[in-house]
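Some features that TrEMBL has for this protein:
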type     : residues : note
TRANSMEM : 73-92    : transmembrane segment
TRANSMEM : 99-116   : transmembrane segment
TRANSMEM : 136-160  : transmembrane segment
TRANSMEM : 416-436  : transmembrane segment
TRANSMEM : 463-481  : transmembrane segment
TRANSMEM : 488-510  : transmembrane segment
DOMAIN   : 750-785  : domain 'EF-hand'
Amino acid sequence: MVVFSMAYNVGGTIREVCQGFSGVGVALLYNYGLFAFIEVERFDGKVDDPYKNYFRINKAFNSSGYWINVPNLYTTLPWIVVFTVVVMVLPFQTNTRKYALGTNAYFTLTIINPANPLSSGQLKRVDDELFDTSNILHNLRVFAIVGVIGALISVVTMCFPYPIFAISRLHEDSTKASADLLELLNIIVDAYCFKNKNVESMEFLKLRLKRKFDNAETRYRCMLSLLEDAWWEQCFGLHYPLHFNRVMSRTYIKLVGSLIADLRSLSYAMRLEEYGRLHTTYMEVLKREIYMIQTRSNDLLKEISDEVHALSPHLDLKTLGALENQVEMALYKFRKIQNRTLRKEAVTPAEVVGNVPLNLFLFSLNSFCSTLISFEHSHNSRTYNDVHRVRSFALKSLKKFVDPDYYKNLSMWINALKITMAIVAGVAFSVGVYGFSASVPSTIAYIMCETIGSSFRTTVNRVGGVVAGSVVPSVFKFFFVQICEPEFLGIALSNIVMFIWVGMCMYVYFGRGYGSYGGMVAAFVASDTLLRQTDICYPNGSDSSSSIAAASYSSLAQTSVAVVIFISVETFVFPKSAISMLRHKISDTLKLHHSVFDALFGHHLSSSVEMDEVTMDNVRRMLVVEIPKKLGKQQQLLLEAQVEPLLWRPDFSAEKYRRVLEISQRMLNTNYLLFKLLRWFHFRVLQNRVKLDAADIRDDLQGDIDNSVDSHTKWKISTTHFQSLVRDSFETLAMIFSDTFQYSDPDQTAVFMQMKEAFRLADKDCSGELNVDDVAIMLGTIFSQSGTVKEEDIQQYVQEFMDVVGKPGRTTVSFEDFMDALEHGLKLEVEVYRRMNPRAPALLASTLLTPIKSETQLEKALTKIQDNNDKLGECSKVDESRMANILTTSTISHGKDSNETSMLENASVFIRREYDVLNVDDFTTSEVVAHMKSAYVEWLLTDNRYERTSMEEQLLLNCLVSGAESIAKSLAGLEEIAMSS
């Protein structure tokens, strides 16, 4: 227990001790209650048939036979099942469950074991009081108490030679966090104000920013982890001498996370900046204001950090007002210099478009400052006394036990079923093979996890730890126990080897690498092996060299059996692959991003009316709770997926999914920044600090005509097109990360995305179905780059497409039909044929549809075609023409054509290849955003409308356009990743 209770600090060790004590206590109380009603049958030599209810195992793993009392086994096995299900279903912590299940298996198997441990080969007799159930339970209680004492030793060990407190480490990291944030702010602001070169050309700056952001993110995640360990230290009163309050620290750490997100938005705005003439003109005035904001922000963040670490329950920040006034002054100066420049200088719309990122930078800086300013109210509104904290925790924990929604989680019941099946199988092996040794079910309990990936990682570590802790120490032990004179020498050598070996293993554990858990297991097994006592040196001792060797390696054998059982259950009973779960989480996250996009952009791109409060609360819940939770789960699953056995599946690209996670986080930052902007805008409207203009480009009003094109109409068309493209992209990406495309190669994914785009472009009325004319347009678009295609050929291709893809009796084709055909092998290929060879009178596709009945025949046909392709490649140049063709591998229920061979031979004169690059591009999403930006700038410049439009409205519209641009780039990046290997 000393080894397994160790953690990286005092708080973590206390957590392990408390959860272990809870698990052992639950198992002990359960066995007390169970055997108060169940009487364990023992051997009675006075009855006529004393072995009536016994079954003998003649061949066992340890080469000696033993007895099984069948009624005892049948009576207790259902109660083991009940206990396992209840523990897995109730809202216990994972460690508590592990200790409870492992300890219960040990207690129950020890009680029902009929063998007499004091006399080898004998059974527990009914007249021997030592083996009364009450006495055995008393001994097990002593066993549990000894384990608790060992766990307390591990807590004391963490305090010497000096204590390793999570609170101290958290205090150190939280103090340094403000310096990280200020350094990032200074780098970004200085680079933006004093550089005149695009950031994309400044490799050193990009690398420096990436390193600083990574360090800040790492420290932030470390603080979140330490916060949990600090909670356990606070539970035992260590926060008083260490001067710590967890609620204050948690609020401050949340502030750090929000500021990192704001700084990322600042960095993104800096990357967008083109540093044109307008930027230079504006920055001559704004440079000083931004520098003052930077200075005031430094002062305020330092003051917040000092007050929080001084545990001030009420903040009265002295520098807050100065920063607030400076932000207002910067916005006022920006409005003033912008109006003067646009009014007095000849400014082109292209220059204004290029300066849109300046608005995003200013509001990102404003968001950074508002996050700092709002911290005072957030801090002062909380209650920090310990009584309130304890009461809230107790009520929340107890409420979860009676919450009916908690028990509606189907995956929890499935996981309980799998663990129960594995433990029952482990008990069967323990009873039938290993002489009631509880190592198999206990190992299963300790390595249980939710997915194959995490189970495999834990399993590998446990097996490796058992090997490292048993093989070499067993060799030493084999020789040491045979040193009978002097007696102390064998004991001293065993202790020396144990000290060295356990020290090395625990060094691996504290290294926090992949094999850290394996180091802990190795330390436990090594200490168990080297401390095991034998009587080989005593006359008439029961131990021998062979029995010592078998006992040394029995733990390895039993662990291996437990691993096989657990992995088999995980793999074949409702398998939950970490890779599949990761893809599901990505798909779910994309759907949430889609919902947020519809709420934020869908509403505010087409209307200036304020969104209702219920919708805003839903958006906030998705941005603050649901999406970050799914991203955190994705990060965990990504680690587990990297160690999951792939077997027949394609290689797993961790870098690909890491990039998906980064882009998803970037979209979250973009949406949350826009959400904060909307909150800020409506707050200023309610405070009567904004004079709204009656005309808004988002409303259905008639604006001025510029180049004979209504800017409102251009905006409306662009925004409608943009929303349609983005929604379609989200739906496509969600489908690509579903189970349907899990095993698809990049080429198949790319063709699907292009096919879907072709279908979308052909579906002019957005009905989701294509008629004959729409199919003709789609095929013409797809094959337009393959050469001249005659009208009559197109019509013939259309008819073939409708016959193959469409349903009988219908004149339209839905996208579901199209998808079904693609999944069953529909391919679009380019056919190149030679004029010198005779051509079949009918189109080849129509002759190939019927005869190909199986994949084997198709492979033969395509092999012959490929061979012919190689031959033709060696021929001299001849005139070639191209035509499009449709080939399907779908099985068509027609009779087999007797001319199949000849037709395939005719097909061999053609060269066929899949057409990977389809001409289906319309306007890219980025181009549509450029049209939006252009329409907005035209509207703003017409009749000096910028003078009538408030600064808040301009910030909102500029950030809407910039946010749309960011969403477009993120989706393009996701599509690129989806089509990559």
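Placed from the backbone N, Cα and C atoms, the Cβ positions cover glycine too.
Take the transmembrane segment (136-160) and the stretches 73-92, 99-116, 416-436, 488-510: counting Cβ pairs under 8 Å, 99-116 has the most. By the Cβ criterion (distance under 8 Å, sequence gap of 6 or more), the transmembrane segment (73-92) is counted as touching the transmembrane segment (416-436), at least 3 such pairs being found. Residues of the domain 'EF-hand' (750-785) grouped by DSSP class, helix first, strand second and coil last, total 26 helix, 2 strand, 8 coil.
Confidence annotation: the domain 'EF-hand' (750-785) carries a mean pLDDT of 74 in the model.
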